[in-house]
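As C-alpha cells, the structure follows; a few thoughts come after it.
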C-alpha cells in the first residue's frame, strides 16, 4: 500500500519510477504503441507501451530472448485489457506538456491485474437511467458521479462541524418504532418479535423532540428515513437521508430559520471552496453561496405575488403547488437575486398537529424553505404544552390515545423548542442542477427499485 | 432567545441582571427562604428567593401592596414547582464563594414556567433499568447520561474529521435490500410494494464493498443496522449504530488495522481532551488514549496464552469465547499495559465467506479487535476475485445464485480492498466502564423493547 501514488499527485513528482493503481477507462491498441487511460479516485493518467509484436521480431542480435518474451506478453496483456479492469502499474513517469491528460504519462514497466472486467461493459454514460441504476457500481465510476459524493461529504462535514462547534449533541434515534411517527399513511410495517408489529420511522420528529424534553438543548441527526410512498416523481424515494436539527428555548420558528440559513451558508461556502471549479467543469453550474439573511415571504403574500405573475394556483387548500413554488422562486431570484426563500405563516389546516400557533394570527409558527423553487425543508416551533397539543391533535381527527407515548414526553416538563428536517438528496440535486434525486443518491430506493 | 445565558457561563459574568432557562432539579422550600436548583444542558445553578408568606405580612408601612401580591405569588409559585418543570428565570446574579454549586446564585426576579411537570416523577436515578427505559426522556436528564451523548458526539466527529481530512467519501447505503446482506438468520422482513419482500440491512457490508468497485477508493458510513437477534445480553440490540470504513488497494488486513488503530487513537485523544475530567468525575474512569501500534496476537497464540493462564476454552470451533477474550485482554493489559488487542489469523471456518485467505497459511486475512476484553470490531481484506469468491461461498453451503447481485459487483473489475465494522455502543460502553449497551444507547431496541 505504501508505494502507491495517487494520479493527482503525479504532476508534482519528479520523473522516474512510480506506481499507480486504478481501473482501465480506455485502451488504444495501435500497431507500434499502446495507450491506456487509467483512472483512480483522483484523476486519470495515460499509460504508454511500445508494442512488441510476434510478427515483427527484433533484428537486434543483442536482444535477450527472455526480455523479448516479457515484452510480447506485456503487449498482449495490454491489448486484451477490458474497460473496467482494475490494475497496478509500475513504470517510468515522464513529464510532457503535449500530453493533454495532465501533462504526464507513464511508460509501463510491470502491470499487475487485480481483477479483470468482463469484456462487455453493460452500460455507457448515455444508457437509460434505469439501466444505469441496475449497474450503479459501474455508473458511479464516472467523474461526475464520483464528484457528487465528494460534494456530499464536504456538505455534511461542514454542517456537522457547524453544529459541533456550537455544542449540539449528535443523536441516533431508532428507526424501529412501536407506533407511526408522523401519519398512518405511507408506513412500512415490520413483523417483530412475539407477533408484534414495528414501523419504520418516517422521520426522527418525535425522537428529536424527546431530546429537548431530556434537556439536551440542541441536537442534530443525519440518518435514513422511510416512506412507503408509491409516487414516481423526481423528488420522492422510499428511503432517503434526512438532515435534522432541533433546539430549545426559542421564541419562534424564526430562531430555527436563522440557524438553518447560517448552516446552509457555511456548508455551501465549504462546497464552493473545495469543489467550485470542478462543479463548474462537470455540471456547468456555479455554486452560489447564499447571502444572509435569506428572504422571507408569508404564504398569503406569496400567493398574491404568484397570482400577480399570472399563475392561478389550482389547489384549494391555500398552499402553493410545485408551479407556484417555481413562480415564487423566480420572483425571489428577480427581486433579491437569491436562490432561497422561506415561506412562512402557514394555516394550521395544512400543517402537522404539533406545529405551534401564533396567539394573535392563529397561523402556525412554521416555514417551508424553497431552494431554486423546490421545497427542501419544513421547519417549525413545536407545541410543548400538552393540553394544547392534545386539542390540536383532536382537531386533526387524531386519537390522543394512539399518540400517548409521544404526549407523555410533555407531561413531565418541556422547554419551548423547534427544528427542521431537510432532504439531503434534494439539496444535492438542486445544488448540482440535476433533474432527479435518483442521480445524487448512492443507491436509489423506490416502489419498483430495491436492488442492487 | 438572545437574552438567555447558559449556566456554565455564569461564573465569568459580572454580578447583575441575568436570564437563565432550564428545568427544576430540586426545590427546598424553607419558611424564610426558598432554594431551587435549576439545571440546563451545561450545568446547575442555585436560585434563591426570600419567601413572602401570607401569614407574615410585611410590617414595613412603605410597602407597595401590588408588589406584596407579586412577592406572595412568586413564593407560592416556587413552593409549588414540581421537579422537571421547565422555566425561565430573570434575576440578579451574585457571586458567593460559599455557594457550593459553582460559587454563584441568582436571586429570582421574574419566573416564567414553560411547561409544568406532573408532580409525581415516575423514576429516580436508582429505578430499575427497565423502568428507566420506559421514561428514558426523564432518565436522560441525569448529568451522566447527558455526558454519554456529548462523548458520543466528540468521538464521532473526531472519527469523521480523521476520514474527511484523508479524502474518504461518506456514503449512505440503503437499509432496505432485496436480499439479505450477511446471513439468512436474524433478518427483519418488510412487506414491500407489489407483494415483494424487502430486508433490513444487517450491515452495510456489501454496499461498502460496492463503493470500492465503483472506484471510490476510501469510504466511511455511520448508520443504523438491524439484527432480529433474540438474545438479551448486555452487548446485543435489534438496532444499533454501526461505524464502517472500507479502503482499496490494500496489501492485507494489516492496512485496515493500521487505519483503525490510528482512528481510535485520534478519537480517544479528542474525548480525553474535551471530557476527560468530567468522565473521571461522573464515571470514575480515566480515559486512556491507546498507544500506537496496538498489540497483535494470532488466534492460535492467543489460545495458548489463555490455556497457559489456566482457562480451558469450551468452544470446539477454535475461536475464543467471552471468558477467553477477557483472559487475553488481562494478558495484554499485564504484558503491554494496553486496553486493545488485534486477534488475527482466524480459520476460514469461523469467518464470513468473503474474507480473503492467505495463500501460504490458508487462514483468513482478518482480525477481531478487543477493547477491555470485549469484541468491538471484525476487520478483513475481502476476496475480490469473483471465481475464488464463488468457491468460498459454496464451501460455506451458500448458493451463489442467491448472492448474484453481490457477485455481480466483481464481474466488471475490482480492486483489492478491505475494511471494518465497529459497534458504536460497545465502544462507548467500554470507554465509560458501563455494564450494558442499553445505558449508552439513546433509545435501546431489543426483542421486548420497541418504545418509547
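Every residue gets a Cβ built from N, Cα and C, even glycine.
Automatic, uncurated: that is what TrEMBL annotation is.
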Which range is it, out of B:197-200, B:201-204, B:205-208, B:209-212, that shows up in TrEMBL as region 'Aspartate'?
B:205-208
Identity of the L-aspartate-site residue among B:182, B:278, B:334, B:434 (reference: B:227, B:378, B:382, source: TrEMBL):
B:182
Kindly point out which candidate in B:375, B:383, B:391, B:395 is recorded by TrEMBL as part of the ATP site with B:423, B:424, B:425, B:426.
B:375
Which of the binding-site residues B:182, B:227, B:378, B:382 has its Cα nearest to the Cα of residue B:426 (ATP binding site)?
B:378
Averaged over the domain 'Aminoacyl-transfer RNA synthetases class-II family profile' (B:149-452), what pLDDT does the prediction give?
96
The region 'Aspartate' (B:205-208), counted residue by residue under DSSP: helix, strand, coil:
4 helix, 0 strand, 0 coil
Three-class DSSP secondary structure - residue B:425 (ATP binding site):
helix
Neighbours of the ATP site B:375, B:423, B:424, B:425, B:426: Cβ within 8 Å of the Cβ centroid, same chain, sequence order.
B:235, B:240, B:376, B:422, B:427, B:428, B:429, B:437
For the C-alpha pair, I'd like the distance in angstrom between residue B:378 (L-aspartate binding site) and residue B:423 (ATP binding site), rounded off.
10
Rounded Cα separation (Å) that holds between residue B:423 (ATP binding site) and residue B:182 (L-aspartate binding site):
16
Largest separation between Cα atoms (Å) of residues that the record links to L-aspartate, namely B:182, B:227, B:378, B:382:
22
